[in-house]
């Protein structure tokens, strides 16, 4: 069985914002509607990593999404440093050596390591252009099996693949899905997308949502609406 998670905790809002001040303003607007935030490249490189500690101190959860991929020692030490921020989730690319190093670097910390299978902005043509012989579905499945064998805690995958992956990895691995777009939202640069309710029904444990919340006229109302969809899909 998947650990029970409150509906509100299953929404992760991506703070893809230009600086810490903008992120803090968004967090204040969202108030108690959001309990889980993601810090990615844009905010991290603008000095946003210390915000992870502040969010944890405020009782929030933090997903530091830097998709580590380097030589083993560098990945292991990077995981060690990110774990010290108090992050709940961190990401690595789903290459076997990278995943193995990340698990070793975690040590005794409680941080959960998520492996990114194939970016949700990629489709079959993108993989072919990059020289991959496998299509999206086959590559995602291969990486999911490898991740499970190496002790990875969760997978970042398209909601389109969630149901298939759940059958492969079982209930012990968390499925975290970006590419979430509420009905009527623009797809933007995402190609493999799904609504919140459909993603939960497909087996996703956590939904990562950025622009549909942070660029909404009323971000708090947008977040609440997504949580309502999650509740509806789980009752």
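Glycine is no exception: its Cβ is also placed from the backbone N, Cα and C atoms.
Pulled from Swiss-Prot:
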- 16, 38, 65-74, 120, 181, 190, 210-211: substrate binding site (BINDING)
- 67: active site, proton donor (ACT_SITE)
Inset, instruction - List the Cα distance (Å, whole number) between residue 120 (substrate binding site) and residue 67 (active site, proton donor). - result: 14
Inset, instruction - Among the binding-site residues 72, 210, point out the residue whose Cβ has the most other Cβ atoms within 10 Å, with all shown protein chains included in the count. - result: 210
Legend entry - Rounded Cα-Cα span from residue 16 (substrate binding site) to residue 67 (active site, proton donor), Å: 15
Inset, instruction - Determine, from DSSP, whether residue 16 (substrate binding site) sits in helix, strand or coil. - result: coil
Inset, instruction - Using all protein chains in view, find how many other C-beta atoms are within 10 Å of the C-beta of residue 120 (substrate binding site). - result: 25
Inset, instruction - Indicate whether residue 66 (substrate binding site) is helix, strand or coil by DSSP. - result: strand
Legend entry - residue 16 (substrate binding site), number of other Cβ atoms within 10 Å: 19
Inset, instruction - Might you list, by sequence position, any residue in that chain lying six or more from residue 69 (substrate binding site) with a Cβ less than 8 Å away from its Cβ? - result: 75, 92, 93, 95, 98
